[in-house]
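Trainee: One structure is given below, represented as structure tokens, and several questions about it will come after.
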Amino acid sequence: CCLVFRVRPNRLSNVLLCLAEQEKDPVFWNSWAQRTLKNAMNTQEPNKNVAKNLILFLGDGMGVPTVTAARILKGQLSGQYGEEVQLEMDKFPYVSLSKTYNTNAQVPDSAGTATAYLCGVKANEGTVGVSAAAVRGQCNTTQGNEVTSILKWAKDAGKSVGIVTTTRVNHATPSAAYAHCVDRDWYSDGEMPAEALQDGCKDIARQLMENIPDINVIMGGGRKYMLPKNTSDVEYPEEKKHSGTRKDGRNLIQEWIDRRKDKGYYVWNKQELLSVNPSTADYLLGLFEPGDLTYDLDRDRSTDPSLTEMVEVAIKILRKNPEGFYLLVEGGRIDHGHHEGKAKQALHEAVEMDRAIGRAGLLTSAHDTLTVVTADHSHVFNFGGYTMRGNSIFGLAPMVSDVDQKPFTSILYGNGPGFKLVNGSRVNVSTVDYQQNDYQAQAAVPLRMETHGGEDVAVFAKGPMAHLLHGVQEQNYIPHVMAYAACVGQNKAHCRSGNSATSIAIAPPSLALIITATWLLC
């Protein structure tokens, strides 16, 4: 068969020609479909095992157009046309859609959505780990409105737990796993208003160290939020912007080290990370940048770990626990690439997250590990223009505009920093290097930062109880399924009875009618 995943460059044209010839024959497509049908029939019976392990891969901003474009990029990076390949997440047997709106926002942000898919309740934009009764920026609405996450449910059940992200470890997505904060931007007390501090609210970095003190693995960026104000960074000692930000004088990194003694490792570069022996490490804190990690395309391969490398170390540490583990993995800079209009950065981040998904699959088994891949929200990113098969995903459409007679790239944004005019008209993209890493794709509306999109996002699932992630669901449904699969949190009756298929207790019809009527009258 000439459809292969890796070919030598000098054989590439012959392979693609061979594939093109195959595709002309109906037998090719019929045979492929029949193989797929056979595989589907073989996986017809749902996996109803109890999930020992839970892994959630969260592609921040990874809407369906991003998934499709990342698939094409993955294929093109390995010498194929691209459209015909599979991402690791594409191989998962169950796919559903998640409704991403926040309680006060049609188009959501990453904080309110994180509260939904980690804590099981929808919330207001800009808030983490609190219900919709909490108001963004109002410290006095925190107390009494805290909600806990599946990470805590898993920890309380005796499992090991971990967080791995390419953003700051106190950014919106990871913080909803452990913090209760009415403002996602309160990274340290240096970013908090005096009134909030006086009212007793805690910054997110402090909550990371105090709320669930026994998180086994924490990896990402965010060193500066852990250090006293003006403390020089270990990697960038001469750059003031990377210095510590804490006003309370606490060194949270040192506090973590002191608390862990011989059982934990603190690392800040790739060499140190890869030197950790997972068999002797019960705890790991890895902070690899003062803020967010660098884009994968810009990463120094000798000093900066990849998401895949972090995930591998995390799983090897966590899986030692006979009770299993919960791991949250965020490909957080997909979102940042899109906000900056840098589609190439965003898509390479998505491809790297897919590599990490593949590595996690090799280190675990679908027999006892429920793996879910989803996004918090989408972006106003898309690609089109009737491009030909195998066209570079970053390339030009095959025609010029019939309005301004200028070429355009297939990838475009609905808004963002890529909106540029020269002498009152759209930039001719053929005069710029639209293939460079930081090229900002053209946008219809000028904004300094591109915005999120409001459409549903995909949810891919494999492993125990993955079939429960079906249809179109509210985003806050996700952690309830994961908790049910692992017998943590509120749904445990089916585990005690030994029957994992036992129904969840459902409110009687009369009560359901009362709840519905109350909601309609509010």
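Every residue, even glycine, has its Cβ placed from backbone N, Cα and C.
Straight from TrEMBL, here's the annotation block:
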- D60, D335, H339, D376, H377, H452: Zn(2+) binding site (BINDING)
- D60, H171, T173, E330: Mg(2+) binding site (BINDING)
- S110: active site, phosphoserine intermediate (ACT_SITE)
Trainee: Identify which of the binding-site residues H377, H452 has its Cβ surrounded by the largest number of other Cβ atoms within 10 Å, counting every protein chain shown.
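Mentor: That would be H377, with the highest Cβ count within 10 Å.
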Trainee: Whose Cβ lies within 8 Å of the mean position of the Cβ atoms of D60, D335, H339, D376, H377, H452, the Zn(2+) site, other than those residues?
Mentor: G61, D109, S110, I334, H338, A375, S378, H379
Trainee: Which binding-site residues are spatial neighbours of S110 (active site, phosphoserine intermediate) here, meaning Cα within 10 Å, out of T173, E330, H339, H377?
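Mentor: Candidates kept after distance check: T173, H377.
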Trainee: Using CB atoms and a 10 A radius, I'd like the single residue among the binding-site residues H171, H339 with the highest neighbour count.
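Mentor: Per the Cβ count, the most surrounded site is H171.
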Trainee: Quick one: Cα separation, H339 (Zn(2+) binding site) versus H171 (Mg(2+) binding site), in Å?
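Mentor: The separation of the Cα atoms works out to 16 Å.
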Trainee: Suppose we draw a 10 Å sphere around the Cβ of T173 (Mg(2+) binding site). How many other Cβ atoms does it contain, all chains included?
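Mentor: Excluding its own Cβ, T173 (Mg(2+) binding site) sees 29 Cβ atoms within 10 Å.
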Trainee: What's the CA-CA gap between T173 (Mg(2+) binding site) and D60 (Zn(2+) binding site) in angstrom, rounded?
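Mentor: Between the Cα atoms of T173 (Mg(2+) binding site) and D60 (Zn(2+) binding site), the distance comes to 8 Å.
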Trainee: What Cα-Cα separation, expressed in whole Å, is found between H171 (Mg(2+) binding site) and D60 (Zn(2+) binding site)?
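Mentor: Approximately 11 Å lies between the Cα of H171 (Mg(2+) binding site) and that of D60 (Zn(2+) binding site).
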Trainee: Roughly how many angstrom lie between the C-alpha atoms of E330 (Mg(2+) binding site) and H377 (Zn(2+) binding site)?
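Mentor: Here the two Cα atoms lie 13 Å apart.
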Trainee: Does D60 (Zn(2+) binding site) have same-chain partners at least 6 apart in sequence with Cβ under 8 Å from its own Cβ, and which are they?
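Mentor: Sequence-distant Cβ neighbours: S110, T167, T173, E330, G331, G332, R333, I334, D335, A375, D376.
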Trainee: Counting every protein chain present, what is the number of Cβ atoms, excluding its own, within 10 Å of the Cβ of the residue listed as 'active site, phosphoserine intermediate'?
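Mentor: For the residue listed as 'active site, phosphoserine intermediate', the 10 Å Cβ neighbour count is 27.
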